[in-house]
Structures are given as structure tokens and as C-alpha cells.
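Feature annotations, courtesy of TrEMBL:
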COMPBIAS  534-544  compositional bias 'Low complexity'
DOMAIN    44-169  domain 'N-terminal Ras-GEF'
DOMAIN    203-462  domain 'Ras-GEF'
DOMAIN    567-653  domain 'Ras-associating'
REGION    530-556  region 'Disordered'
Amino acid sequence: MKTTWYCPLDLSTVVEEEEDGVIYTVVVKQQHGTPNSVTSAVSRSQCAKAGTEEKLVLHLLHSFAMGDSSFITIFLSTYRSFSCTGRVLDILTDRLENPPGETERSHIRQSFNRAVCTVFSTWLSEYPEDFKSLGEPSRLLRLAPLFPQDSSSAADLRARLLRIAEELSEKALLPDSHRDQTGFTSSLPDVSKFEPTCILGFPAALIAEQLTKIETELFVRLVPYHCLGSLWSQRDKKGREGVCWSVRATIRQFNKLANAVLASCLWPTNLRSQQRARLLEKWISVAEECRARKNFSSLYAIVSALQSNPIHRLRKTWQETDREAVRRYEELSEIFSEKDNYSQSRELLKEEGTSKFANIDNRINNKHFNRCNAQGTVPYLGIFLTDLTMLDTAVKDRLDNGYINFDKRRREFEVLAQIRLLQSSCKNCVFTSDEAFTQWYQSVPTLTEEQSYRLSSEIEAPGEPSPRGLTPTVIITQCRDLSNSRSSLTGDSDSLFDFPSPVNHLLSKLTKHMRSPSVSCLDVDTSSSTIESTPATLTPTTPTKSHRRSVSCGNNPTYNIQGSGPDMQIIRIRMDLHDGNLYRSILVTSNDKTPTVISSALEKHNQDPQQTSRYELIQLLPEGKELVIPATGNVFYAMTSSSVDFLLRRKGGNTPLGSSPLSTETSATFPRIKAKGRRLVRTLF
């Protein structure tokens, strides 16, 4: 197979060649010499585009020589999407046992040995956890003696592998109760010591500094490949409870902060409206300070909590809130507008991602910058999770011939590289802990949805319309038609912060063979209730309210991809399960019949897809209405455009759609870990 493109402007030819299980993109460039020279130089590079698992792994040892200089970094960042550490090590070890070249001194052998040292040095430096998670040391004991004997770097690698093998051997001898647990832990809070109004006694700058300390430490420890859509979408499957632990930790902190805002504003129900308004003003000031420190994660958590329905509906409290504070709050809220796929947030990361300070108004500049140390940028991780999830949805994992689509991994790496660059800006940050605030923060009780709404109703009786003009629109749950977005993946960006969002470009290339997407990013845990394991959802409502927290990126979620297959739409389907109401996103095309959609939904909910005939599909319409999709109908054309929410109900059942007064409302924050029996929020992130 050979496809050729000729580029006259730079005198280069791009050729696509298949060779021994790998498809290469070959670039041949002709470089003219000096004006007096009659000869010209020709350079040739071969970049792997797709291939079998074995050939892609072996390409690690030849990529530099072939001009594919970024392959090792990209492969090590993304290989978990199509392989595993043990399999990659086995392939490389087999090759090391049969190295090229007749003698140890041959040029071919020496070049091969240098490539081996480069691959394993990079791997051990960037991802040592891969080797430590093998479980048993046999692979490392087989690999270590195969490194070159006449190289100091090889000797160092051998010693590092043997140390890890020794640790694995010792760990295998320990009982399960003594083995290290991966992730983050925290002590249980002393709820009896919680004083909601104590937050007023802490300066806003101190609160923001402590929150930035927490967020920065979590962000630095974030493992970028945990954000890959193929891994994140599998996190709630049986046997994969421990995957993506670093993302889960970030989510828990986001929800913990949002809950702290809610609890401090709602818990003292006997406060006068003027007193409660001071609490809102305090958190608005904290949000400003987080903005000054480029802590977008905490900023978004605070804004989301203030936008949540229990606080949003407090008409009298908002009327007593300082008008200037409300104006600043609305400006901060605009940062996270879902318009154009979080375009404003992306622009801020582009402008400030590598700068010393945030570029905000002069009042904050003059007041606080002299006291703020140079800090990195802590982003709202949901933007990257959204891009990677939709990228995983939009591009096939394999080509029609079964080859692994490595071009998809290159595109995923562009997003991961943005995360890594932001992490590098945070690694040298230094903070000082404040014990008093830490104790208060740890003492905040977790409010359930029902508790939040009940407290809000005690403060102001339901039924009175909110005067707030700012409608809560916080969370992306589906992707709009991004073909009109202002940016696309051009591949010629000069900066990692030129955030072109691969989603915008790649959705235009969706094919009819695309599998159902794994868009839902709910975090599930059925462990005992603690402040960390069961943070509350934050937006209870009544049937009279319609502040839907879960919104799309645009007004029309239907994709009409010209010339590439049927029309498409992402819908969300809920099942009433024993461990909560869990929403999953499903891609529906204009070819899909009801049984196909029901089968996909059952599979997404880890139910038996063979039980399709026992369920009916119901579209949830505004004002509590329902539309039953015909059993043999075309879902795409049978559904109305007024809602993308569906319910999978067992036939003959009497599942009460409105069994909870909170059923029409969703979470304002990150997806959160839920205890058994509680309703799960239906958000992408």
C-alpha cells in the first residue's frame, strides 16, 4: 500500500507505506545546498501511523533512527489504551534475547544497545509505577541480565530494575492488610466541631492559599494517562475500582470544597438574610483570590456551589448581598461558560498557563500581588477529561485491517502534553499550612441532596421565584456540533497552550463504524459514608424549579456529518438500580432501532444485554412528561428535540419517575463518589 502527497512549497513528499505490520507516514524532504552548490541533500523520516501491537512495541527500538523522535514519549504515555506493561515487557525481552548484529562490537549492535538504554531510561524515569505494579518480579529478573555489559547507563538501569524486583518480592511476602494502598487518604472529620460562620474569621487570601496548596499537591501527583478516555470510561467496571486513582482524588477535593461552601452557607438556618449575605460575599472574595493564584479548580468548585439550586434560590439573601460582589461573582462565572466548548477557560490557560501571575483587574493586582509567590496554574481538569473522552469516542481504536490506530494516540498525547506542561509549572510551588483552617475544613459535614434542599427550604420557603438572573449552567454532558468551533487541530501549533481541542476537528470525521461512546464520567463507590468517600451532590430542587445543572455544549446536539455516515446524537440513559440512578451516555445514529439502543444501554450499566426484550425506552420530557419510544421504532426519529434524557424501565414495572423531589436536578460539580442507595448525578464532569 502506498499513497503519495507532493508538497511543492517545501519540496517535500509525504508517502504512506505499509511494511511488515506497520503503516508509516514517510516524509521525504529535499534541501537545496548553497547557491554555489550543485547538489542537494535529501532527508527521510518514517513515523508510525498504525500497526500490530508487537510491531509498535518493537518500533520503540528503531524510532529514533527512523526520524520518529516523539514516538517513545507518546507510546509510553498512551500504550495502556491498547496493551499492558507485562505484554510490552515480554515483547521487548524476547527481542533483547535475540539482538541484531553478529558481534557485541558491531555498529548495528551498538546502535541497538543505545536504543534499548534510551527506551528503558525514559520508561523508568517517567513511569516507575508501571514496573512496581507488576505484582511479581519474574519479568524483571529475566530482563535485567539482558542489558549491555559494557555500558554504565545499562548498569544503572539493571540495578534499578533489580531493586524494584526486590521490592516486589518483599511485597509479595506481606499479608494483604499490610500492603500499600495506592491513592490519597484522609482522616475522618470531627463533625461536632463544625462552626459554619467561623469561615468569616479567616482572611480570603489565607483560605485561597490553603485551597491552592491542596489543589497543587493533587495536581502535581496527577498521572496524566489516567485521564485517557479509554481508561477513565472503564473506571466503574467490576475489578477496575482502583484505576484512575489520581483523577478520583482531584474529584473528591473538588466536591469537598463545593460541599464546604454549601454547608457554611446553609447550615446556620437561623441567620438573618444580611448575615448570610456576608457568607456569600466571603466565598466570592475567596473565589477572586483563587483566580489571582490561577487556581481554576477551586475557583470552579466555589462558583458551582454558589450556582447550585439550594443557594441560587435564596432570593432574600442575594438581595442583601453587596452589588459589587455580585457583579464580580458573575464575571467569575463567565470564565466557565460552556459557550464554544469552554472557549474562555481555554483562552485563559493559553494566556496564563506559563505566566507568573493571573492577568486580572488592577484592584486585585495592587492589593494582593505583592504577597503572592510565583505560582503555577491548576486547571479545571474537566476540560481535559471532556476532550479526551470525546476523542476516544470520535476516533476508532483500530483500522479496518485490525491495526492499532497510533495516530489516535498522537492526538491524545497532545492533550496529555498540555497537562504535563501545566504540572511542570506547579512543581516548585511552596506553601505554608494553616492548622486552624485545616481543622475547620476537615470538620465540614457532608450534606446530601435532600439535606441541602431541606436546609435551603428552612431558610426560605419554596415557591418564591429567584431574582437571580444568572442561570446555573456549569457542566458539559454532551458535545455540540463543534464543526463551527473557532479552532481545529491543525497540527502546526507553535505552543502547547495553543489549545486547538482535538474534539473540534475530529468530530467532523466521525464514521458510521464508530462504537458507542464512553462519555459518562461518574465516580462510583459503595463504601461506608465518610466525608471523602461520599461527598454530596449539590443541587437539589423542587418540581417547580428547572435550573438544570447538566447542560450541553450547545443548543443542538445532533451531528450531521456530511458524507461520512448517518446523523448522530448523544443521549443519556438512566436505570433505576439498587445502588442509585446512574446515567450513561450513548451515541445514537439515524440507523439505530430501539432494541439496539436498549442493548447498548444495558451493557453500559453492566447489565445483561440479552435482556433487551424485558425493557422499554422512555424519553424524559420537560414538566415531568414521558414519551415511550416504540419497541421497534427508530430512536433517532422517534425522539423529540426537547430533551436528551431517557429512562430504561422494566416492562410491567412501576418505577416512579419522580420518586425523589430531586429527580429533575443534577450535580453542579465534578462527578462524585456515592454511597449505596443514593442517587448518582448525571454529569460528564
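All positions are counted from 1 along the displayed chain.
Cβ atoms are placed via backbone N, Cα and C, with glycine included.
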Practice prompt. Taking helix as H, G and I and strand as E and B in DSSP, count the residues of the domain 'N-terminal Ras-GEF' (44-169) in helix, strand and coil.
Written response: 83 helix, 8 strand, 35 coil
Worksheet item: Mean pLDDT, the domain 'Ras-associating' (567-653)?
Response: 82
Discussion item. From the DSSP assignment alone, can you count helix, strand and coil residues within the domain 'Ras-associating' (567-653)?
Written reply: 24 helix, 37 strand, 26 coil
